[in-house]
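What TrEMBL says about this protein:
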TRANSMEM  7-27  transmembrane segment
TRANSMEM  39-60  transmembrane segment
TRANSMEM  69-89  transmembrane segment
TRANSMEM  121-138  transmembrane segment
TRANSMEM  150-172  transmembrane segment
DOMAIN    246-533  domain 'Sulfatase N-terminal'
Amino acid sequence: MNRLNSFFLDFLDVVFFIVCVTFKILMYGRHLETGYIKIISLFIPAIAPVIIIISISLILKAKARSRMLYIFNIVISSFIVSDIIYFRYFKDIISLPVLISGFQLGAVKSSVSNLMNIKDFLYFTDVIFIIPFVNRYVRKRKNKFPLNYRISIAVVLLLFGIGMDFISFYGLSKEQPRLLSAMYNKVYISRKLGVLNYHCLDIYNSLSANITKMTPVSREKINAINTFMDNNKSDNKNLKGYSKEKNLIMIQVEALQEFVINASVNGQEITPNLNRWVNRSVYFDNFYYQVAAGGTSDAEFMTNNSIYPAAAGAVYFLYSGNKFSAMPENFKNNGYSTAAFHGFRENFWNRQIMYKKFGFDNFYGEKSYKKDESIGLGLSDRSFLNQSLIKLNNMKSPYYAFLITLTSHFPYDDVDKYGDFDVGNLKGTLLGNYLKAIHYTDEQLGVFLNALDENGTLENSVVMLYGDHYAIPKDKEQQLFKFLNVNSTSEMDWEGLQKVPLLIHFPNESVKGVNHVYGGEMDIYPTVCNLFDLPGKNMFGKDLFNPKNQKVIFRNGSFIDKNYYSSSQDDVYYDVKTGKEVPENSSLRKDKEDVLNQLEYSDYILKHNVIDKLDK
Ligand code: GP9
Ligand code: MN
């Protein structure tokens with residue numbers, strides 16, 4: 001008993017590492033949990049990599065071993081805390097390609113610090129207050145174990161750890177065959193495999209992706225993509241060429257969610273101006289954002305290319321060396337002048353590079369605007385839209401103008417500058433602040449659209465306006481549900497709220513009304529090609545006026561149409577009308593297979609840079 005006691009004390013650092021780190025990984029799993037995965041099922045994938053680390057450390061002598069475990073503990077805790085903070089906003093987990101483009105975070109510091117929670121740092125309690133003392137104690141103990149003894153224990157433990165980990169990886173690869181390589185649903189992987197396994201897998205996949213780039217292109221895959229593209233083309237009957245030779249003014253509004261349209265708070269309309277323009281336009285009320293880790297830039301990318309965002313990281317960084325066949329270039333080839341407008345740093349999201357690649361003649365960024373009024377991240381929407389109006393008037397017709405607003409950016413805390421819109425008892429909450437911010441932006445958009453109306457621009461211009469992505473992060477879902485009087489809080493209810501408005505305003509309001517077709521940002525480019533009679537090639541989306549199908553596909557493999565929502569995150573299907581779970585059937589299975597194929601084709605185009613190798 002005494003010997004056992006003394007052995008235990010010799011390895012006190014190891015014992016603490018196992019207990020503390022396993023506990024942290026389990027807590028991390030809990031953070032990402034939505035109720036579908038039992039914490040107990042996380043135990044094996046959580047402890048397996050811990051055993052692997054321990055086995056390696058055991059080869060070392062006490063001093064080096066305790067130091068190694070200490071460093072590993074700090075690194076693992078840092079990964080956990082960063083992941084949790086990131087998850088709070090993006091509903092996703094950090095991955096290597098995201099880190100590579102991570103300097104972007106510098107510009108949205110206020111958002112990051114706002115998302116930090118003092119509780120996150122509890123993950124470092126042991127590292128600061130306990131482990132240093134344990135290590136000092138272990139190092140003072142005299143016991144020495146011979147090398148061959150240490151190695152044999154290490155080998156046994158290593159095999160044991162690898163075996164346990166294999167079970168988890170194998171189980172997941174059987175359950176969702178393409179998940180481990182495509183990483184389309186990082187949250188699910190992290191939940192199922194734990195933080196350590198997830199990050200190792202991510203590093204492995206990122207490295208092998210770079211090797212893939214160097215491998216030859218498969219003719220078979222190109223043929224499969226060509227066949228898909230052929231089948232995906234709309235038949236183009238309705239409104240074909242209806243807006244030929246007209247200008248196109250596209251406005252992407254920061255964090256404009258659909259739930260604010262025609263809604264009130266404290267007895268007042270939240271977006272009175274947009275509500276008015278909705279009535280004067282074709283309004284799509286089942287339109288979803290489809291962005292992934294690239295946020296705003298993913299929305300821009302889809303709108304102008306109809307290619308899916310990257311599975312991890314942002315296309316704007318990862319594939320900035322690629323060729324594209326984007327909307328601005330398409331317009332340009334048809335005699336249009338083109339320009340992008342955004343009152344923020346030109347290099348943010350790598351825009352100055354990407355806009356050139358897409359074929360914009362001009363990019364009016366921060367330096368092209370007088371910074372006479374600042375709200376939140378930078379130039380206010382009022383000043384931005386005012387100054388853009390002048391630039392727009394100077395453009396040679398026909399033109400394509402792409403404007404991206406900024407003020408209504410998370411965390412909506414510059415409240416004093418949004419005006420005196422009274423949100424009643426929501427005052428001071430994130431939702432209340434957002435409503436103030438979006439009310440402000442709505443007012444500026446109203447002024448801008450009225451000015452275009454009054455100066456005659458709208459007589460020969462089509463205006464398309466949509467929101468880029470969600471405004472309310474998942475961890476504030478209760479505020480939103482309460483505001484909307486939704487009692488149940490299933491994944492289906494949450495998904496139903498991930499809509500953004502899209503409105504298309506035609507000259508003389510010759511076409512208007514509500515269109516219920518299910519669509520998303522991927523569908524904008526094909527719709528534009530139909531209206532303006534541009535040659536549409538290699539697009540994954542559909543023409544919203546001639547939809548062949550109604551499926552909206554999300555980057556994580558989930559999809560929704562008017563009947564079903566398939567949540568890849570929980571691997572569950574829902575009936576859209578009843579909100580109830582439904583079992584998988586052969587047609588849903590086939591849909592899921594098609595969805596994964598599309599995402600794979602889209603990834604293939606990006607990873608191998610083959611847009612110009614596809615049939616025209
Ligand atoms: C800044 C802006 C922000 O230029 O577009 O991007 P987001 O943080 O919303 O992805
Ligand atoms: Mn945005």
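Heads up, residue numbers simply count up from 1 along the chain you see.
Cβ atoms here come from the backbone N, Cα and C positions, even for glycine.
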Determine whether the transmembrane segment (121-138) and the transmembrane segment (150-172) share at least three Cβ pairs under 8 Å, counting only pairs 6 or more apart in sequence. no
Below 8 angstroms Cβ to Cβ, which residues of this chain, lying six or more residues outside the transmembrane segment (150-172), approach it? 44-45, 47-52, 54-56, 58-60, 179-180, 189, 192-193, 197
Mind looking up the mean pLDDT for the domain 'Sulfatase N-terminal' (246-533) in the predicted model? 96
